[in-house]
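Worksheet for the structure shown next.
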Amino acid sequence: IKTKHGTDLPFKCEHCPQAFADEKELQQHTELFQGHKTHQCPHCDHKSTNSSDLKRHIISVHTKDFPHKCEVCEKGFHRPSELKKHSETHKGKKIHQCRHCDFKTSDPFVLSGHILSVHTKDLPFKCKRCKRGFRQQNELKKHMKTHSGRKVYQCQYCEYSTTDASGFKRHVISIHTKDYPHRCEYCKKGFRRPSEKNQHIMRHH
């Protein structure tokens with residue numbers, strides 16, 4: 001911004017386009033905005049008039065300053081020691097891991113919102129009892145057995161679950177071990193020999 005004589009005004013207001021010749025004038029002008037600034041930056045003394053302005057400030061000023069991110073809530077910190085201290089606040093809280101990606105949170109409602117917003121289209125088959133979604137119809141059918149009241153065996157490597165102990169053991173051995181290198185392209189079940197795999201495909205697919 002320039003004066004009538006074409007000289008630059010060095011003191012610019014950060015809230016509006018106005019500029020001033022000296023710092024005192026700028027300070028008096030800035031006081032007009034003080035009463036409306038209710039959004040305090042958690043990292044410095046800056047205050048904003050609304051949440052979107054505060055978010056812009058944090059992104060533009062502080063993003064590079066906080067490279068150490070918490071895996072649970074994604075809050076950033078200057079130093080690893082600060083992150084370690086912050087991580088203590090999550091201790092004792094159950095960490096909820098998304099079944100479909102690496103997302104983690106200590107809040108089950110945040111996890112539910114994440115799954116709904118990110119993964120809903122990927123999981124079209126819904127359980128009517130608990131609203132959990134699945135990619136395939138047969139996964140939903142297996143899951144429905146978990147509502148029968150019997151003990152449920154949940155696979156630690158994938159979403160497979162069953163009330164049948166021997167079936168669960170077969171699943172882990174055939175799907176998740178290196179002894180079965182020949183995989184069915186339809187259900188991923190493993191076999192020791194190609195002939196066994198072909199026989200399985202002919203019978204079940």
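In case you wondered, yes, glycine gets a Cβ from its N, Cα and C as well.
Heads up, TrEMBL stuff is auto-annotated, nobody curated it.
These come from TrEMBL:
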DOMAIN    11-38  domain 'C2H2-type'
DOMAIN    39-67  domain 'C2H2-type'
DOMAIN    68-95  domain 'C2H2-type'
DOMAIN    125-152  domain 'C2H2-type'
DOMAIN    153-181  domain 'C2H2-type'
DOMAIN    182-205  domain 'C2H2-type'
Helix, strand and coil residues within the domain 'C2H2-type' (182-205) as assigned by DSSP: 11 helix, 4 strand, 9 coil
Per-region confidence, the domain 'C2H2-type' (153-181) (mean pLDDT, whole number): 73
